[in-house]
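I have placed the structure first, in the form of structure tokens, so that the comments after it can refer back to it.
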Amino acid sequence: MKKNLKNYSYTVILVIVLAVLVGVLAAASPYFFSWKNCRNILNQSAIYLVLSVGMTLVICAGQIDLSVGAVIGFSGMSMGMLIKAGLPASAAILLGLAIAAFIGLVNGWIVAYGRINSFIVTLSTMTIIRGIILVLTNSKSVFGFGPEFGFIGSGKVGPVNMPILISIMIAVIGAILLHKTRFGNYCLFIGSNEIALNRSGVNVRKYKVMVFTFCGLCAGIAGMIVTARLNSAEPLAGQGYEMDAIAATILGGTSMQGGKGSIIGTVIACFILNIMKNGLTLLSISTHYQEILTGLILLISVLISESNQRRKSEV
């Protein structure tokens with residue numbers, strides 16, 4: 001009960017921060033509340049939200065995935081090249097998502113069965129994937145995928161844009177997985193006490209592989225949205241997105257040590273970060289300062305998370 005109250009209190013704080021940020025930016029720029037800008041914020045947030053849901057589950061399990069940005073680029077490029085080769089958009093999407101999930105599976109398998117730190121594993125796969133993209137494309141973009149694929153990035157279902165609809169679906173699925181299923185419970189237990197869970201007879205390795213596979217799939221979906229929105233597959237697409245996903249996850253209340261997390265917190269944090277970046281752009285503030293602010297937010301969030309963890313262990 002006390003734990004739930006703390007989580008609820010932190011969520012309320014995030015909502016207040018979001019409301020204050022919106023109020024300040026609305027007062028600072030007359031364009032902030034324009035429909036075009038609001039739509040842009042929602043569409044851009046959708047990409048980070050999908051990515052951050054996968055990252056939340058990985059970090060809840062006490063792991064990290066630095067390869068998600070590269071997976072965005074690789075899955076998007078795979079879909080684009082397959083469509084240009086004559087494959088129907090639906091088949092290209094399924095294959096692209098399968099590739100992304102497979103990369104996640106490989107990451108999870110190496111971490112779980114190779115017993116190698118996830119930071120090292122995913123940093124390595126990130127570098128490998130980026131290199132493969134550049135070799136396959138000769139550092140050139142692929143573009144022009146037709147209306148069927150483009151619908152994912154700019155189409156609507158009623159008044160709702162497809163990227164927003166997809167991100168809502170992924171957030172709901174992520175919340176159900178984390179909070180309402182055995183899989184989610186085991187992810188949290190792996191993050192909080194992996195040894196005890198292993199001794200209880202649970203196949204911890206299997207669940208590690210599963211959580212990385214899910215994260216890879218989320219990165220693939222994000223790559224699909226990015227590529228469809230631009231109608232172009234870029235060799236460096238997704239670069240740096242992993243840091244935004246980690247920042248949103250930690251700011252949203254997920255413990256860097258694992259064992260604790262909240263999808264709703266991640267959702268709110270995604271909007272905070274994207275609205276902040278959007279507002280700074282409207283105010284003609286350099287993107288370099290946006291990166292500095294994102295880094296500072298990540299650092300402060302980690303410090304708060306670590307402080308709470310130490311306080312908890314001392315009790």
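Including glycine, each Cβ sits where the backbone N, Cα and C put it.
Just so you know, TrEMBL annotations never went through curation; they're auto-generated.
Per TrEMBL, transmembrane segment is recorded for 12-34, 46-72, 92-112, 119-137, 157-178, 209-228.
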With Cβ distances under 8 Å as the criterion, find the stretch in 46-72, 119-137, 157-178, 209-228 that has the most pairs with the transmembrane segment (92-112).
209-228
Taking the transmembrane segment (46-72) as the reference, which of 119-137, 157-178, 209-228 gives the largest number of Cβ pairs under 8 angstroms?
209-228
Taking a Cβ cut-off under 8 Å, which residues six or more beyond the ends of the transmembrane segment (209-228) line up next to it in the same chain?
46-48, 50-51, 53-55, 57-58, 61, 63, 65, 67-69, 71-77, 79-80, 93, 96-97, 99-105, 107-109, 111-112, 118, 145, 149-154, 162-163, 166, 170, 174, 177, 183, 187, 237-238, 241
Same-chain residues near the transmembrane segment (157-178), Cβ under 8 Å, at least 6 residues beyond its ends
39, 42-43, 45-47, 49-50, 53-54, 56-57, 60, 151, 184, 187-188, 214, 218, 221, 225, 228-229, 261, 263-264, 267
Beyond the flanks of the transmembrane segment (119-137) by 6 or more, those residues with Cβ under 8 Å of it
64-67, 69-71, 73-74, 77, 81, 103, 106-107, 110-111, 235-236, 242
